[in-house]
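Pulled from TrEMBL, these are the features on record:
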DOMAIN    A:1-95  domain 'FAD-binding FR-type'
BINDING   A:ILE62, A:PHE63, A:GLN64  FAD binding site
BINDING   A:CYS221, A:CYS224, A:CYS236  [2Fe-2S] cluster binding site
Amino acid sequence: MYEILKNEVLGSNIYLFEVKAARIAAKAEAGQFVIIRLHETAERIPLTIADYSREKGTITIIFQAVGASTRELAEYEAGQKILDLVGPLGVPSEIENYGTVVCIGGGVGIAPIYPIARALKEAGNRVISIIGARSRDLLFWKEKMAAVSDELLIATDDGSEGRKGFVTDVLKDLLEKEKIERVWAIGPMVMMKAVANTTRPFAVKTIVSLNPIMVDGTGMCGACRVAVGKETKFACVDGPEFDGHEVDFDLAMKRLAIFKDEEQRILAKGQCGGGCGCH
Amino acid sequence: MSLRKSRVEMPAQDPKERVKNFKEVALGYTSEMAREEASRCLNCKNPLCKKGCPVEVDIPEFISALKEDDPARAAKILKNKNNLPAICGRVCPQENQCEMHCILGKKGEPVAIGRLERFVADWEREQVNLKPEKVETINKKVAIIGSGPAGLTAAADLAKLGYQVTIFEALHVPGGVLMYGIPEFRLPKEVVQQEINYIKKLGVDIQVNFVVGKTATIADLLEEGYDAVFIGTGAGLPNFMNLPGENLNGIYSANEFLTRTNLMKAYLFPQYATPIKIGKKVAVIGAGNVAMDAARTALRLGAEESYIVYRRSAEEMPARHEEVEHAREEGVQFLFLTSPVAYKGDEKGHVRAMTCQKFALGDPDESGRRKPVAIPGSEFDMEVDTVVVAIGQGPNPLVPRTTPGLILTKKGNIQADEETGATSLPNVFAGGDIVTGAATVILAMGAGKKAARAIHRYLQGIEK
Ligand SMILES: Cc1cc2nc3c(=O)[nH]c(=O)nc-3n(C[C@H](O)[C@H](O)[C@H](O)COP(=O)(O)OP(=O)(O)OC[C@H]3O[C@@H](n4cnc5c(N)ncnc54)[C@H](O)[C@@H]3O)c2cc1C
Ligand SMILES: Cc1cc2nc3c(=O)[nH]c(=O)nc-3n(C[C@H](O)[C@H](O)[C@H](O)COP(=O)(O)OP(=O)(O)OC[C@H]3O[C@@H](n4cnc5c(N)ncnc54)[C@H](O)[C@@H]3O)c2cc1C
Ligand code: SF4
Ligand code: SF4
Ligand code: FES
Ligand SMILES: [Mg+2]
């Protein structure tokens, strides 16, 4: 059992949890994730390790309550316990001193980009970060991001904060203006695809963190397979980070939608309490 | 006394009924049936049957106790050697193990050792629940990686010797393939957990949610004070065929299909939150035990048609005869000398059809089976909306990758001595599917047993 120490609302439907997990905190690196299972009848869901404290033996997860499991998680309060938590999974980000790098976090993707930006900064890079969301109430961790970036740029779709537009608009300007060695982008699949398309003409290596559907997270089931270049990879053990110019995003997006009907069904069950007898 | 030539049949659920539920298919002997079957055993002075049992069960002894209507004594004898008898009694390929050697098999049917084993184990679990005897503790710690049959057996045997044993398991429950792979209707998960509880009572500590190679490495564990390590991580890496369209939705590895269903209980969705999508027409690629399990599971999940699609012919099928029969009875259909070459999907990226090729049997290959040869121009399309790829599993690389100095075979399995499980590292032993490639429960258990013995010798400073 893993105790929740903190449950904080970061924005509309976005939550931050700090969880006691000393063994995971001891090994966690930027780019890695955990899988949680809330209770006996729950499903296993992956969440990125947005931060960790080796001293306190805690990890931080940030998630958006989008469906049945994440909404259920959001109801958990400090002091309550999660039944299963396993990690740190996945291959850590490749951190080196590249020179000038750009870290892009879109929506809840701001959380996983943070430890990467911090590690890149610590490795001596000049870090330019771009964070974006639909509107300002979905933005979070501005100060934390600013603290690990040489420059922090913001974009919102509705212009409620920072530049009105997409993170790719900001990125394009940067690419035209100066020499960028590497780009990291984490966010919705469409955003990562757009970022990869933006950097491609500039031939700037672009790392994206894929979030396919997972079950075990240890390479055992193949649910998380993604097409990268000509190969099929298992994102949980070969990734989750891949070269964005090689990823087949359209396939990845279709694969994310496989259980749409079932997800609607279980969500409906949660809302009516299941007493209706309709499912 | 006139001996019956044939064994006592075991009752089973009617095929028409059982395809609608996940309850156990084979129902087990009653006491009368068990006594009658036990009475067939000749109690041989030189029991050949024992040679076929990798965990050295004292077969005539436990059967004699049954004959004398003393199931409690039978259970004691059985559990002395076999830590997982209710599991073995259900899924051990007895016909190739103990029963193959039984003297009665020369003229008629061998004694149904497996069924008797199951009877005794079930009786014990339901009636008495044996408590393990206290042993003197040895102040040495052993780490076991993986809680499949290999790891569980090594752990139990070492605990019986007095060692302090911790099992590290990646998933949230122990049991390995017994929990995530083999379906509920062949091996109820409750039975598995009860046998594992017995192993816990022996003093074995089980840490779930612990991925060795990620949560900690073998070097970390040794540093934390473990004196020896046993690796029993299995063959958990699903193979695909790398065909065009193989990543379409609706195409699962057998591991994913079975894990969702068994481990995560997707057949109880939405009461259990893990979804599974099953179509009307399911094709399972391959014809081993795993394929049979997938094809039978598909019917229970509500598929209208379930096909085994196999490159070779009926004779070469690697699945146990009994499993094939059960599948047939339940309505699984077989498409031999056929294999997919590509998959076609709809605009949403869901599989809709599979282009297949027909094969003919040519000369025998290195496995001694006749080699399938593709017939040019024989391609045809078969409509399907769910595909399960069950063409085998490889070794999971997480532990090897993070354990410098561990020597592997060409296929990526861990190189280990067949008799001791000794690897290229002095205090690290290995056994089960991670060493042999995908094999059987009882072979994994046998390897666990041998390794436990070798670890004991090593830790007593006798030899490696
Ligand atoms: C490596 C990785 C890291 C992730 N990190 C984060 C994070 O830090 N914060 C965050 O908010 N989200 C993260 N996600 C996504 C998160 O796992 C899903 O949002 C969550 O599983 C949705 O579950 P649900 O039951 O609430 O919603 P559902 O309604 O069941 O699903 C909503 C959508 O989430 C996706 N999804 C569903 N089940 C899974 C699953 N088992 N695995 C992956 N995706 C699934 C599907 O696209 C689905 O349509 C990450 C995913 C991966 C693979
Ligand atoms: C669907 C199916 C049906 C089968 N049916 C039969 C049958 O009827 N009869 C039969 O005899 N055999 C059957 N088999 C084969 C049999 O189950 C295996 O041969 C046997 O389970 C192998 O045992 P093992 O202990 O070596 O590994 P496994 O049972 O595979 O267990 C390995 C365990 O190690 C864990 N693990 C892996 N990596 C790590 C890590 N890095 N850290 C921590 N833990 C880790 C895994 O999660 C798993 O729990 C079947 C197999 C399948 C898949
Ligand atoms: S464990 Fe298997 S081989 Fe050994 S006696 Fe039992 S059924 Fe036979
Ligand atoms: S060989 Fe057959 S008859 Fe003889 S002891 Fe073994 S089970 Fe009994
Ligand atoms: S989640 Fe199962 S292999 Fe990646
Ligand atoms: Mg869900």
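The backbone N, Cα and C atoms fix where each Cβ goes, and this holds for glycine too.
Any TrEMBL annotation is an automated prediction that lacks curation.
Keep in mind it's a predicted model, so treat the numbers as computed, not measured.
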Compute the mean position of the Cβ atoms of A:CYS221, A:CYS224, A:CYS236, which form the recorded [2Fe-2S] cluster site, and then list in sequence order the other residues of that chain whose Cβ is within 8 Å of it. A:PRO212, A:MET214, A:VAL215, A:ASP216, A:GLY217, A:THR218, A:GLY219, A:MET220, A:GLY222, A:ALA223, A:ARG225, A:PHE234, A:ALA235, A:VAL237
Here are the binding-site residues: A:ILE62, A:CYS221, A:CYS236. Which has the lowest count of other Cβ atoms within 10 Å? A:ILE62
Sites among the binding-site residues A:ILE62, A:PHE63, A:GLN64, A:CYS221, A:CYS224, A:CYS236 close to chain B [C-beta, under 8 Å]: A:CYS221
Excluding its own, the Cβ atoms lying within 10 Å of the Cβ of A:GLN64 (FAD binding site) add up to 19
Rounding to whole Å, the Cα atoms of A:CYS221 ([2Fe-2S] cluster binding site) and A:PHE63 (FAD binding site) are apart by 24
Roughly how many Å lie between the Cα atoms of A:GLN64 (FAD binding site) and A:CYS224 ([2Fe-2S] cluster binding site), rounded to a whole value? 20
Neighbourhood of the FAD site (A:ILE62, A:PHE63, A:GLN64): other residues with Cβ within 8 Å of the Cβ centroid, in order? A:LEU10, A:ILE14, A:TYR15, A:LEU16, A:LEU47, A:ILE61, A:ALA65, A:THR70, A:VAL108, A:ALA111
Those residues of the chain, 6+ apart, with a Cβ under 8 Å from that of A:PHE63 (FAD binding site): A:ILE14, A:TYR15, A:PHE17, A:LEU47, A:THR70, A:LEU73, A:ALA74, A:VAL108, A:ALA111
Helix, strand or coil at A:CYS236 ([2Fe-2S] cluster binding site), per DSSP? helix
Which residues in the same chain, at least 6 apart in sequence, have a Cβ under 8 Å from the Cβ of A:CYS224 ([2Fe-2S] cluster binding site)? A:PRO212, A:ILE213, A:MET214, A:VAL215, A:GLY217, A:PHE234, A:ALA235, A:CYS236
Could you give the number of helix, strand and coil residues in the domain 'FAD-binding FR-type' (A:1-95) as assigned by DSSP? 13 helix, 44 strand, 38 coil
Indicate whether A:CYS224 ([2Fe-2S] cluster binding site) is helix, strand or coil by DSSP. coil
